[in-house]
Amino acid sequence: MRNRIEQALQQMPASFAPYLRELVLAKDFDATFSAEQYQQLLTLSGMEDSDLRVALLPIAAAYSYAPISEFYVGAIVRGISGRLYLGANMEFTGAQLGQTVHAEQCAISHAWMKGEKGVADITINFSPCGHCRQFMNELTTASSLKIQLPKRAAKTLQEYLPESFGPADLGIDSGLMSPVNHGKTSDDDEELIQQALRAMNISHSPYTQNFSGVALKMRSGAIYLGAYAENAAFNPSLPPLQVALAQAMMMGESFEDIEAAALVESATGKISHLADTQATLEVINPDIPLSYLSL
């Protein structure tokens, strides 16, 4: 990954490459740009907003983990706070393809796990597939979300997904990224369980009521959280493990460095993530211990 990031930086225009390199290679870079940092990039580059976001896509794509397709896709989400979040696609050799995370899903979940309450726009290398269009239609900002592609005028999500089916069609009025706290608690004193519980409490699961969260502990001691992101169309739902893995990937972590995992989910939900979580962790490393709690 580091080599691909270096290569991407070498492609950047000279007008802002030094400043961008300083940001991206900083030890505390978290694959986001603050509104102020992005404004400085705009000033240095002299580019239009849309052109600069497209120009930065190779940086996002450099984070991709695509051992199956070797097709590296990047995405950049702008949260309603003005901060920009990078994302990339993620695949798992040995796992069924349904465990794949698309770049759009990665960038959106990245923003969500860092506290964003909505997405203003998303910039991607290629036209979003139907799966991702439906995933984005779950968002709090689905009606106003803009999609930017290279060499094209921005369009709204609803232009890409006319006569769309979404949460409202199932009687749900709160979208993905709505601020929630399900208020679940546990006396379990295992740290990773408590961290997974934190993720569970912000999860979006209005259709199955399987509020759930995952926590991953790395060898470095860092812990990454993932909350379940359910979708009105069911299949585009993003499991909590994949959300947690996306957070780790966007911090430059290697999946080989996962030391332990925990899953907490609702005991009364209509589905369970346990079997799929175990299966996906198994293909990453069969020795990863998984703690489990059903509340």
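Each position is counted from 1, following the chain as shown.
A Cβ is built for glycine as well, from the same backbone N, Cα and C atoms used for every other residue.
According to Swiss-Prot, the residue from His102, His182 that belongs to the Zn(2+) site alongside Cys129, Cys132 is His102.
Look at Asn89 (substrate binding site): DSSP puts it in coil. Taking Cys132 (Zn(2+) binding site) as the reference point, the recorded positions whose C-alpha atoms are within 10 Å of its C-alpha, out of Asn89, Glu91, Glu104, are Glu104. A Cβ within 8 Å of the Cβ centre of His102, Cys129, Cys132, the residues given for Zn(2+), is found for these other residues of the same chain: Ala103, Glu104, Gln105, Pro128, Gly130, His131, Arg133, Phe135. Ranking the recorded positions Glu91, Glu104 by the number of CB atoms within 10 A of their own CB puts Glu104 at the top. Under the DSSP three-state reduction, Cys132 (Zn(2+) binding site) is assigned to helix. Nearest neighbour of Met90 (substrate binding site) by Cα distance, taken over the recorded positions His102, Glu104, Cys129: His102.
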